[in-house]
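What follows is a short report on a single structure.
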Amino acid sequence: FLCRLISTLIFIKKLCSCSVSVCVCVCVCVCVCVCSLQADLLLLSSSEPHGLCYIETAELDGETNMKVRQSLSVTSELGDPNNLAQFDGEVVCEPPNNKLDRFCGTLYWKDCKYGLSNQNMLLRGCVLRNTESCYGLVIFAGPDTKLMQNSGRTKFKRTSIDRLMNTLVLWIFGFLVCMGVILAIGNAVWEREVGFLFQSYLPWDPPVDNFLFSAFLSFWSYVIILNTVVPISLYVSVEVIRLCHSYFINWDRRMFCNRSNTAAEARSTTLNEELGQVEYIFSDKTGTLTQNIMTFNKCSINGHPCTVDFLLFKMFTWNPLADRDFRFYDASLLEAVKVGEPAVHEFFRVLSLCHTVMSEEKSEGELYYKAQSPDEGALVTAARNFGFVFRSRTPGTITTQELGKAVTYTLLAILDFNNIRKRMSVIVRNPEGRIRLYCKGADTVLFERLHSCCQDLMNITSDHLNECAGDGLRTLALAYRDLSEEQWAEWAERYRGAEKATDCREDHLAAAYEEIEQDMMLLGATAIEDKLQEGVPETIAILSLANIKIWVLTGDKQETAVNIGYSCKMLTDDMTEVFIINGHTVQSVREDLRLVHRSIYLSTSPVFLHISSFLSPAAHIGVGISGQEGIQAVLASDYSFSQFRFLQRLLLVHGRWSYLRMCRFLCYFFYKNFAFTMVHFWFGFFCGFSAQTVYDQYFITLYNIVYTSLPVLAMGIFDQDVPEQRSLEYPKLYEPGQLNLLFNKREFFICIAQGIYTSVVLFFIPYGTLSQATQSNGVVLADYQTFAVTTATALVIVVSVQISLDTGFWTAINHFFVWGSLTAYFTILFTMHSSVLFNIFPKQFHFLGSAHNTLAQPVVWLTIALATVICIAPVLAFRFLKLDLKPQLADTVRRLITTLNKKKNKSVYQRIQGRINTQILIQMLSRIWFHQMFLKYFLASSVQFHTLTKS
Amino acid sequence: MGKVQVGTGPFARRPDNSAFKQQRLPAWSPSLTPYTVLPVFYLLAVVCVLLGVWLFITVENTHELKVDYTEEGTCIRCFELRKDPIQARNSCDCVVNFNIPKTFPGDVFFYYGLVNFHQNLRRYMDSRDEDQLVGRKKSLKSPSSYCEPFAHDEHGEPIAPCGAIANSMFNDSFTLTYHPPDGAEVPVPLYRRGITWYTDKNVKFRNPPTNTTLQLAFQGTAQPLFWQQPVYELDPADPSNNGFINDDLIVWMREAAFPNFKKLYGILIRAETPFSEGLPAGNYSVNIIYNFPVQYFQGRKEVVLSTVSWFGGQNHFLPIAYLVTGGLIFIAAIVLTVVYVKVGRDGKNMEE
């Protein structure tokens with residue numbers, strides 16, 4: 001919708017003056033519209049009461065829930081533009097940085113000093129929600145904004161094949177120069193020994209006064225003639241193939257999610273074959289493996305466990321504000337609430353007070369919660385359904401409805417959650433005037449801060465927690481502390497001091513929080529379930545069989561994480577050693593990770609894939625799950641789809657095929673160019689190194705773009721070695737990609753060798769035959785044009801036979817391209833050599849009649865047939881030997897399919913099936929041995945990575 | 001990226017279920033199996049060997065005789081004479097005798113051969129003007145710059161035909177004589193037409209259009225530097241064989257691909273005895289007007305007599321290559337079979 005500007009005018013107070021460490025800005029006072037903000041603002045006032053302002057930060061951090069920002073109370077009254085015009089405060093703040101969640105500054109205004117925090121800031125990229133308008137002071141603009149500071153230089157992602165290809169092209173270039181040098185030396189020798197004597201028939205060109213200069217010219221001539229070894233069309237073809245593969249991903253119905261109506265999307269078209277080489281997957285748990293739909297599942301109140309009983313599910317008829325979708329019901333608990341057991345009441349009061357959820361009440365009784373994290377929402381909803389309804393909040397108050405009675409608490413302080421604290425607290429004053437601190441957080445942290453009298457309760461609760469964690473639930477412990485007025489006043493003083501600190505404010509605040517969160521009384525614990533997505537265990541099992549190692553990043557308790565690992569088949573009982581990094585601080589996690597990274601890098605240079613609903617751009621391939629957590633992940637990803645289980649199809653089917661096709665394509669491409677070009681090299685030895693080409697100029701032009709481009713392109717786009725369901729059935733088929741077997745330097749040299757061998761055959765067989773041959777009417781066949789046509793025809797036929805051998809999947813399109821290329825060759829050949837064209841342009845089409853004369857000769861066809869047989873037979877023999885002695889799994893599977901199709905007899909099928917199993921077993925054993933040798937820590941094929949980063 | 005069309009309905013974005021988009025096109029996926037590869041190898045071996053044998057027999061029935069006359073017989077005198085550029089214009093005749101041990105049955109072809117003469121040099125091959133040779137008036141008078149330095153003579157007259165190829169045209173001529181064991185020597189009649197490609201003679205080489213004589217058509221052009229007569233007087237015996245459509249010129253202008261080559265000179269006329277069955281065995285002599293100097297580039301000149309079969313003249317390379325290839329493929333087939341039966345996993349191991 002349109003940006004609604006309320007008023008545009010504004011004025012400049014003072015220009016920015018920046019010192020090295022501190023930036024003093026009073027720039028422009030802007031009123032903002034209802035669209036995405038364009039600068040980092042200090043919120044001055046808004047149209048909402050208390051200077052509140054609701055924003056959505058999806059563009060910044062991917063979270064779609066609403067967040068609230070509040071202006072300083074002193075500025076929130078400046079609603080009127082005229083008042084704002086009088087505003088002449090001065091802000092001293094930190095220099096521009098990329099930390100989205102913190103801001104540190106001080107406002108000097110009317111001889112007073114006010115601390116500024118992130119709570120007062122509206123960052124660039126935020127979108128106003130539920131807020132008519134607001135006024136702000138520009139702190140940072142343009143490249144200084146936090147959004148821009150975060151946008152690092154975009155790394156251009158390239159596949160390992162790309163990098164290899166670039167190296168190889170450089171090598172080929174070197175090879176080209178070498179050939180040029182060899183031929184130039186040859187030319188020097190020849191001109192000196194022979195050409196010099198031949199001068200009466202062919203004098204040297206006037207500027208060429210000696211053989212050395214002639215050799216120099218010959219070098220450049222040969223570089224031009226032989227430049228076809230450097231495959232220029234390669235890059236274009238590779239991109240076309242990748243584009244097609246990306247379309248196949250987009251078109252895949254089996255990666256389409258009916259529920260969310262989203263198809264898979266390849267957002268990057270350059271990484272497809274890398275999908276066939278993935279070795280490590282780094283995955284988020286929440287929202288990626290799980291549905292990110294939290295349900296309150298269990299709780300333990302004052303040592304009494306309460307479990308879910310879905311069968312008893314009933315409407316909470318006595319509570320008009322209950323959420324109708326709530327699915328937790330425990331008769332005894334409900335009874336306890338009704339009876340008015342204080343511990344139970346206090347338990348739910350914590351849940352209804354200690355959170356950062358925003359509420360929205362469209363009409364009476366129709367409450368909607370907007371929570372930053374779904375688990376918080378689940379907890380508040382649970383409290384609501386048990387009669388402790390959180391209704392609304394203002395900066396200073398929280399209004400709840402406790403068992404039908406409206407209660408307003410004065411909110412004294414919110415002790416924020418962060419990754420290090422792993423807990424959050426609120427300090428409230430209830431209507432009776434008693435001050436209480438409510439805290440919820442990770443049990444490990446909370447248990448350390450309990451009052452000593454809670455020891456027994458702690459042990460019981462701890463048992464319950466472990467039980468819950470064993471079921472894969474996310475747990476939180478709840479506690480409270482009574483504060484006296486003096487304690488509160490004393491602490492509030494320190495708290496304000498910490499808040500005003502200009503440097504290291506976070507540390508000061510953390511220390512202050514630490515002081516008050518002591519000697520707490522344990523109330524109980526909650527357990528929330530986040531259901532796994534459909535098909536996750538199967539997918540992970542298949543990916544593990546494909547030898548892909550999966551790391552999961554989670555903020556859960558270790559027991560929870562391990563259990564989730566088991567339930568999604570990531571961990572199995574026969575794994576002797578599971579590697580779990582359990583970091584309590586960022587530092588230690590980093591240290592552990594470095595250790596592991598080193599051991600990974602020691603072994604190979606593996607391909608990392610990062611799948612997540614919140615992506616870092618550092619991974620080789622980023623896969624985004626488009627679903628609950630907004631579109632940031634999708635925007636930053638290379639591939640996106642809506643269900644984790646589609647990953648197996650993306651990797652094992654699309655990735656594997658892409659890799660296979662690309663490798664086959666590259667092998668053939670290098671081969672055909674070498675076979676084509678090297679013939680000139682051999683001819684050089686017979687034509688005095690004079691840079692005479694073997695073929696007609698039109699053939700040279702059209703060879704790469706017409707005669708041989710389409711069949712190999714069709715192979716690169718459509719080839720399949722085994723049907724898709726087989727590659728899911730035998731995940732081991734994925735292994736050649738990880739081991740980089742199909743295209744590497746060795747394979748490249750084999751292709752080159754084959755190409756050079758072909759060129760030798762293609763030159764010397766026609767040479768041997770034609771130099772002696774005559775037509776049956778006595779006319780000599782050893783003329784240049786006949787030789788050119790014979791060699792060119794033999795070349796086109798040989799490379800066509802070769803592509804037919806390489807193509808494993810003959811669709812109608814392949815047939816059309818292969819036969820079409822051959823037809824095109826002969827059609828163009830006869831056209832170019834026709835008298836019609838010659839009569840118009842005699843000089844350009846001087847090959848007049850060569851095609852008719854040459855191709856009418858049986859001896860020419862015998863030569864072509866012989867050359868083809870000599871070129872192809874060894875290839876066939878080697879392939880057969882390889883298939884026979886060292887069959888790849890894909891070959892065996894192919895054989896199996898053939899056998900199945902023929903349905904010859906069942907016993908053969910069973911035997912082959914047995915062999916496949918043995919083969920897989922042997923490969924697995926050898927892999928395990930390899931890992932034991934090199935990676936002590938890496939026995940397990942999956943690795944759990946555990947650290948707390950998210951609540 | 002190609003975005004699927006946005007529509008309404010629950011499955012509006014669902015991709016089409018077409019065989020192409022779902023990569024399920026019907027396809028044939030052949031694979032190498034012993035049951036296909038081994039028979040192919042045996043078949044190839046048999047075909048190659050049979051072809052080789054057949055070609056070999058055919059080739060054995062053709063005859064060829066080469067006589068190197070560079071310094072042979074009386075030609076040694078001419079050879080020495082041609083060493084001296086000053087004597088280049090002096091004519092020199094010589095005779096070389098040779099013996100045909102067995103009758104050459106059927107059609108016999110007379111070739112001249114050159115050794116170490118590079119017609120395939122890039123600049124040499126470029127040094128011709130197709131426009132001129134097809135008789136275009138404009139090019140006749142202003143030859144292509146590719147012909148340099150053989151485009152104009154010292155007086156600035158355009159040369160026709162221009163270029164290095166035409167300039168270096170082979171200009172020895174031969175007369176073959178048969179010496180029967182009894183009786184007088186008989187000149188061997190040679191037919192000097194029909195030694196070119198049809199397209200060359202009729203399309204590629206045309207004389208400049210003229211209503212009068214050929215000489216007038218070529219007026220204002222000079223003969224190539226090394227030539228002894230102008231292009232319109234190449235064949236004094238047959239006026240229709242002059243100018244650019246002279247058979248010897250056309251043959252020469254079709255450049256050889258390799259430095260050792262032969263070119264057709266004439267075909268035996270078998271109308272009269274004793275040549276109606278071919279060339280009888282016996283003694284022969286060839287009279288040579290020795291013009292073409294080869295000592296500059298260490299070349300050799302030879303005369304070749306040959307008969308042909310259905311696939312051309314004597315050519316041992318092809319049958320031998322077929323036989324060798326067939327043999328090697330046969331060996332490979334046996335090796336593959338042994339490997340398949342003894343070692344291969346699909347073979348014996350499977351049966352156990």
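Sequential numbering from 1, following the chain as shown.
Including glycine, each Cβ sits where the backbone N, Cα and C put it.
Please treat TrEMBL annotations as automatic predictions, because they have not gone through curation.
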What range among A:27-45, A:787-805 does TrEMBL record as transmembrane segment?
-> A:787-805
Listed stretch, out of A:210-236, A:665-686, A:817-840, that has the most CB pairs under 8 angstroms to the transmembrane segment (A:168-190) = A:210-236
Against which stretches of its own chain does the transmembrane segment (A:665-686) lie, if we need a Cβ under 8 Å and a gap of at least six residues from its ends?
-> 161, 165, 168, 172, 179, 183, 186, 222, 225-226, 228-229, 231, 234, 237-238, 241, 692-695, 703-704, 708, 712-713, 715-716, 743, 747-748, 750-752, 754-756, 758-760, 762-764, 767, 791, 795, 798-799, 802-803, 806
Residues sitting near the transmembrane segment (A:787-805): Cβ under 8 Å, six or more positions beyond its termini, same chain?
-> 668, 671-672, 675-676, 679, 694-696, 699, 703, 707-708, 711-712, 715, 758, 762-763, 765-767, 770, 818, 821-822, 825, 829, 833, 847, 850-851, 854-855, 860, 863-864, 867-868, 871-872, 875-876, 879
With every protein chain in view, how many other Cβ atoms are within 10 Å of the Cβ of A:PHE417 (ATP binding site)?
-> 21
